[in-house]
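First the structure, in the form of structure tokens, and then the observations on it.
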Amino acid sequence: MATGWQPECLVTQNQSSLGPVEAHSDRALQNTTGNVQSYSDHLTHADIAAREDQLHQLGFKYPHAPHHPQPLSASGLDQQHVAARLHQRKLRRLHSVGPNSQSRRARSSYLKSQKYLEYRRRPRRDTGKDGEPVWSDELEDAFQQALEANPPMGRRKWSERGKSYGRNELIAEYIFKLTGKRRTRKQVSSHLQVLDSFLKGDPDWERLVREASPERSSSVHGSAPAPKWRTAVEHTSASSHYGSHTHGSYHDHMRSMQPYAGDLPPPHYTLGSNMQEAAASTIHGFNFDMWVTAPQQANRIGKALHTYTRLQGDLHHSAASSMPLEHVNGWRSSFPQLASMVDDINNPMDCDIILLEVNLELMTDFPPARSQLGIQLDLDFGHPSAGDVFGVSQMDNWTCSTHIYEDGQKLIESHDDLPKTQSTKVKPLFESSWWAKMFTKVTQDKRMAEDSGNPQVAREADDNTRNFFRSLSAVQELRATSPSSHRLSNQYQGHHGDESKRMAVLVWKFRQTRPGQVGTTTWRRLIPAPDRTSNNSPLAVSGIDLPPLSLDSILLNKASHQGMYQTPQPHDLIPHPSQSHSQWSLYHPPHDNVANLFNPSGHLDFLASISKAEDTINDKIAVTSVLDSFSTSLAPESIPSTSLHGPSGAPVMLNVHDLPLSHPGIGYAMGHEASHYVPSHQHSVNMHDSNGVLHSFFGSNMQPLDDLSHSHASWGAHSTSIPGDVGAGSYHLSYHPEHHGHGPVSRESQQPHHFDSLLPSEDLMDKIVGRMSNGASMHGAGPDAAGYDNSTVDSV
């Protein structure tokens, strides 16, 4: 027995096949695949219809020598009957593409209209950055197909990975996918406007450029149509996307129909559409085997000395159903390369992702010397019925990149060029040299553990081997280049030369079988999460209508925060050098005297006394007058206030300017609800803080009261009632010649004011007062008025 594998006997996967298997038994089996016969057997036992389809395929392959099939069972039919049968077959083929394809083609009648043909005959003057006309015939055809594939969406957006796309952006992307030439959103919009000037009013054109009314669209379509170049349906519906035996759209395509000049090609030939992109990269056949052959034996799995694993189930149908990628436990850590592909927003996953779960049955001993390891990996992109519809056999520059990981850590990375295939089958390489060395090492470790004679060591070696295979994973990426990409790769600016297309991604998971089990491999398709969802644009945020604030809440919010008066700021207060600053006390808004402001009739009663006991205000620095809580024209001054004596025990209230009158001894205390001025308790007169009341006295544009000196305003009336005030509860001011211990305080500066001009002369005031009646009809100012003192007062 050999102690290792012979390196020169390792079978490489890229050996060329020089003949049949029987003549060259030393060749690798993967070059003489065992499923060649299975691909051709269906022609031998096919019925007449299948043979006719084969003839149609030959006619499509060689268009210069068309061959119309002759029915084998109806040789005596006349030519008219044959034409009728061909017409019926043509209709069936049209219906096999889709329910709306024929009607969609018929609705594009504006392409044959005189106006559109006139536009197409115009010379192309504009040249793009790629040096070609902005809308050449090729781009014009792609543009028309993009209009069909991306229906009008109005102001809605098509969202993908956090980015929104409008219809014009989708059309530009569609054109790029179809032709490889970039056209911007603005170019698409401008082209739509130009065509609209020619075709406006045409029903077919209006259908493509105008969104249907909400009533019609909701009743006919039910929901907004989705763009066809990238939709979430291709990821969420595994049966429609991957079902290899249910693809009715690929069976019996229109082989005998050719697109004619001036019209669009059939919709199902649009390689940029969602259906065709998915179909071009869909794998319809798969095979994987790994075996060892003894020396001098035919290098095929039928003559294998030992089979590590082989495919379970049919070559064309997976034994396991499709599964969402997110359901694979730890797929990001197991397949780092796949995670980077999925997260790449610039290169979305538009190909098949195949998961292969490989169970390996290891050898119990070393193979004979000069044994060969065979690995066969085949992927078939051809449909079993339609064959190579999309020209996969014409693609070249096939490459395969392989990444093998252990616990997510990269063990090996390789990039191989594959030979150009002449069929729809591709044979990727799978690192046979690395696998041969790995199998040799695993077998050697197992033999050493068994030779030790210690069962515990043998069990530990077996567990280590199982854990090693369980931690193994691999990712393979297949890419190829279509022939048209060579012509279009460098014809627009900004292209970096990577015109290859990702054709398939294979991800591998491994495990070791239990004793007595056979190594098998199963494959299934993985469905990545959808990366496009249709969302409407959010509506503009409208303003929130808040209820209006009441006057009480405005006064409270303006005067204080949480019941505390703020310390006067420097710009609000100019202190006198001889005055001392004291902190404002807490103000507790009372609730027991609010009702006293209203008389039984529901109106404000300015004559009703507030029964709240007042405190003494001792020589505080006066701030702006509270006569007008909203006024900003009251200039701050440093004015010492008089002392108003009252019962102690209640919190100290606001310091305010005293009202400088020409008669000493009239001290005023402030009612602390709604800013009322209240005289001493022996006088029952309230002065309400109201802009309307003050303006009725002095006018709206007069100088503030703070700036008036006590020697410039003479109150020359026994009792005064101002007409037009607040009604029956008129605003009164009573005067009593008595002193409270403190005379009026003089202001520091006495400047002339214009207050004298507001009042008539003293003689005229005497005459007016003398003529006034003391009756009760003077708006409550007579002797019977509430709160009025009948004592005689000398006029000033």
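Every residue gets a Cβ built from N, Cα and C, even glycine.
The region 'Disordered' feature in Swiss-Prot is assigned to 61-135 (among others).
Residues or ranges marked as compositional bias 'Basic residues' in Swiss-Prot: 84-95.
The feature compositional bias 'Basic and acidic residues' is assigned by Swiss-Prot to 115-132.
The DNA-binding region annotation in Swiss-Prot covers 128-202 and rests on sequence analysis.
Among the features that Swiss-Prot reports, region 'Disordered' is placed at 210-261 (among others).
If you look up Swiss-Prot, you'll see 235-247 marked as compositional bias 'Low complexity'.
Through the fold, the region 'Disordered' (446-465) approaches residues 362, 364-366, 512 of its own chain, all at least 6 residues removed from its boundaries and within a Cβ separation under 8 Å. Annotated region 'Disordered' per Swiss-Prot: 446-465 (among others), in sequence order.
Look at Swiss-Prot and you will find 728-757 (among others) tagged as region 'Disordered'.
According to Swiss-Prot, the feature region 'Disordered' maps to 775-796 (among others).
Predicted-model confidence for the DNA-binding region (128-202) is 83, expressed as mean pLDDT.
Remark: secondary structure over the DNA-binding region (128-202) totals 41 helix, 8 strand, 26 coil, with classes taken from DSSP. Secondary structure counts, DSSP: the region 'Disordered' (446-465) has 17 helix, 0 strand, 3 coil.
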